[in-house]
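Features of the protein shown, as given by TrEMBL:
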ACT_SITE  246  active site
ACT_SITE  305  active site
Ligand code: ACO
């Protein structure tokens, strides 16, 4: 028996492969660096869902359907009452998703794909006393998300950065939330139930809740010149450096490089505070040097959360919303895995070893 199911193979999948030794992520036969360079979010969504919704479709078709689905689900924003708006953004978003009908059909899948992208900006605006902004079906998904958040048309660099982020996090093997999605799908409960279960798993601090603390760490370090001293003292106190290390990757997380690349155009066009960029560079360099010196037997490198934090901050998302933005990108992975599992048709039902007391002998 393995606690935490570590190294246990629990499914066969054609969707994605995480190679922790080589630092490689493959999604449906394409490596992440190629996907980020060549493919929009709608393209990777079409790739992941292709053949799983009882029909084939391409990027252009999916873009049109997803845009229409954004418009459709916006009606549900009306259900965001005062009580719901006291919740953290990811919980408020989950409560709105729970009102969508359940099912296995394409319309349900598209509504679920659109829902986090529409509900998160609406919730954030309502929580700061602003009116939600209706979707614009003529825009690409990433551009419309930023417009619904700020009320302004984003720059092309901002749109490209969010698009690259959504592609980068679209799927990642059998992580906890994806496994939760597959368990629910194996009972044939419906896609809405799968997405709700997955989102509930994602919000835990051991899974999708880490990028906010990266910014807290950068704020505490304060200046580039203070990086080495601050990080050394944090390790002396037994703390972990946020945004470094990974359970599976023994080399650099390929998603970190994809996001660092996506940030570059924002930096070169002055759309990231240069002081923030310099501080992040200094913290990364100092952390890699100090971790190598202190943990020579354990390769520790940057993970996806470090550059996620910088990128989402640069795009204007508040840090308490970062987990919700992650869900916007990962929902397509949850849906694809749920469909793959449902089509497999086999109920997931492992066994446990009973270690409690036995009844007294008669
Ligand atoms: N800073 C300092 N030391 C670290 C770090 C880190 N970020 N990560 C691991 N280590 C050290 C541990 O202290 C331990 O050292 P020891 O053997 O001397 O006691 C050794 O590396 C192994 O640690 P484990 O806990 O076994 O590593 P695991 O693979 O289980 O941890 C995890 C992975 C949770 C991501 C860890 O690296 C961590 O806590 N990182 C910081 C938080 C973070 O960035 N989380 C987001 C991860 S990305 C994602 O999951 C989406």
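Numbering starts at 1 and runs along the chain as displayed.
Cβ from N, Cα, C; glycine included.
What TrEMBL says about a protein is an automatic prediction, not a curated fact.
Neighbours of residue 246 (active site), defined as other CB atoms within 10 A of its CB across all chains, total 21. DSSP assigns residue 246 (active site) to coil in the three-state reduction, placing it in neither a helix nor a strand.
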